[in-house]
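Taken verbatim from TrEMBL:
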- 12-36: transmembrane segment (TRANSMEM)
- 56-77: transmembrane segment (TRANSMEM)
- 89-109: transmembrane segment (TRANSMEM)
- 129-151: transmembrane segment (TRANSMEM)
- 163-182: transmembrane segment (TRANSMEM)
- 194-215: transmembrane segment (TRANSMEM)
- 283-309: transmembrane segment (TRANSMEM)
- 343-368: transmembrane segment (TRANSMEM)
- 388-407: transmembrane segment (TRANSMEM)
- 419-440: transmembrane segment (TRANSMEM)
- 447-468: transmembrane segment (TRANSMEM)
- 516-537: transmembrane segment (TRANSMEM)
Amino acid sequence: MDGSGGSTRRSFDTIDCVVFAGMLAISVVIGVYQAYKSRKNEDAVREYLVGGQNMSIFPITMSLIASYVSGITILGLPAEMYVYGTQYWCVIIADLFVSLTMTMVYLPVFYGLGITSSYEYLNLRFNGAVRLMGSVMFLIKMLLYIPLVIYVPAVAFNQVTGINLHAIAVLVCVVCIFYTTLGGLKAVVWTDAIQTIVMFGGVIAIAIIGTNQVGGFEQVWRRNRDTDRIEFFDMNLDPTTRHTFWTVVVGNYFNWLASCSVNQSMVQRCLAMSNLKRANATIAIMAIGIISIVSLSCYTGIVIFAAFYDCDPIQTKRIKKSDQLLPFFVMEMTESIPGLPGLFVAGVFSAALSTMSTGLNSMSGVIYEDMIKPWLRISLSEVAASRVMKLTVLLMGTVCVTLVYLVEKLSGLIQAAKSLSGITAGPLLGVFTLGMFFPLANSAGALVGGFVSLNLVAWISFGTQAAISSGKIRFPIKPVSIDGCPESLKSQATNFTLVVETAIKEPPFFLYRMSYLWYTWLGCLTAILVGLLVSWITGPNKRTPGDEKLYTPVIHGLLRDSVAIAAKRQQEGVVTELEKMDGSCRATTASSRI
């Protein structure tokens, strides 16, 4: 792609507006339709939260894909490939193992207990205090994550239209809150299904058209290879290296495991299936979908670099941040392709709306089931309860809009998202794993382990973000060039090399330099180890008959063995006591004869 210095901002044509408005209109119509369809349902709460637990595989699978991916993937991954290279692409390996772990370890427990909130498990396994802690952690995670999700389409829309991104953020939230509030889970799931199709369509179109305009796949690969962007197997074991094979695969395994296996947003959708077999099928298809969209987004990133390989738009100040690379690239391709900006923005908005609607729906369920319902002295009617949850959606959506203003201060969508989600993802995964794998763990251990883990990871995450924002931490970036730019753009170029070389005078604290992908692993490990230690000190949990459902099927064999051993020991103890009593009786008889 040439480095023309044209300064005119390309904006939406009529066809772009039609494509984009059509996507929003479909979302609203689905919300209204599902609200009308379920208006007379007797079990309003279950209908609102898990769709009556009778949904089909297709919409649930599409919803899982859309909810997990988000607009952060669509914009963040291409920027990651462009700036840092392809090492992060290996994340797809982690997804395969996460799917297997989810279906074999965690999901059978939730289905076996017949619950609607994953945090109900914490109440059954430990107590109400641990359940409340888990619910609060989930809310913190979503309130940190959803503003990022809102910010993404706002950036894209601002790039292609020039409209203020804060005004766009409000628009996103109003539409999302509207159909989520009205239609509940079924509205969320069916809009997710439509939005996933739009999202895939947008990314595929950009990848194909971009490849053709650059000169074909070989040209794309060669330009990236020549600048050392193609790397997949950096086996460096240094935990402070931002991305290596180990940090991306192992670190993301724990991050995705927390996001999929114990996260209410994911579990809630799986529980909407009629049985475990169908739920496992959706997980398998979800894995294929996520791997596909992640790979498409990563490939789009190397296409963008191939297009701008000799005229970097960041150095020439045509854009301010790497997160704007994809929108800028799309607008550079639109002169001969009407409708592409509309399809692109619709795709990014689709990814954002699906994630936000899922989060709001899940938060409403958690707040009602775990925080409001246990404190009510009277039992609310199904209609009243559903109204409370709808009001909660409205409130949480408003809070998320206000937090968007903080997102602009963060550096890099992918790192910011993983860092902030890791604050609660690790502790939550640790507490659930502690409960499902370790029968000796008690409530005190779960509480202390979760609390210590949360504070440790929060301290590291916020400290790292502060160090990055202040310039104390800078990561090595791949080379870029402006040799092919016209002189008018070269004169505006920023000397990036000088910035990187002079940024770091004194290395920050070691934990601040640790790769952000290890946060979830660290949080999980801390919660488990501290939880076991406190449980041992305060007295191990005592198992009760029939509590096998509280533990993962992976250890059921060990549980049966331990029960058999305990029974055998008890029997041996009884026999010993009988022998002692018998001996005592004989001694007494002999004494009386004497």
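Just so it is clear, glycine is given a Cβ too, placed from its N, Cα and C backbone atoms.
Only sequence-distant pairs (6 or more apart) were considered; of these, at least three Cβ pairs between the transmembrane segment (343-368) and the transmembrane segment (56-77) are under 8 A, so the stretches are in contact. With a threshold of 8 Å between CB atoms, the same-chain residues lying at least 6 positions outside the transmembrane segment (388-407) that come near it are 45, 48-49, 142-144, 146-148, 150-151, 154, 166, 169-170, 173, 176-177, 180-182, 356, 360-361, 363-365, 367-368, 372, 380, 416. The highest tally of CB pairs under 8 A with the transmembrane segment (56-77), across 163-182, 194-215, 283-309, 419-440, is held by 283-309. For the transmembrane segment (163-182), the partner stretch with the most Cβ pairs below 8 Å, chosen from 12-36, 283-309, 447-468, is 12-36.
For the transmembrane segment (129-151), the neighbouring stretch richest in Cβ pairs under 8 Å, chosen from 12-36, 194-215, 419-440, 516-537, is 419-440. Scored on C-beta pairs under 8 angstroms, the neighbour of the transmembrane segment (194-215) with the top count among 12-36, 283-309, 419-440, 447-468 is 283-309. Using the rule of three or more Cβ pairs under 8 Å, pairs at least 6 apart in sequence, the transmembrane segment (419-440) is not in contact with the transmembrane segment (12-36). Counted over residue pairs 6 or more apart, the CB atoms of the transmembrane segment (447-468) and the transmembrane segment (283-309) come under 8 Å in fewer than three pairs, which marks the two as apart.
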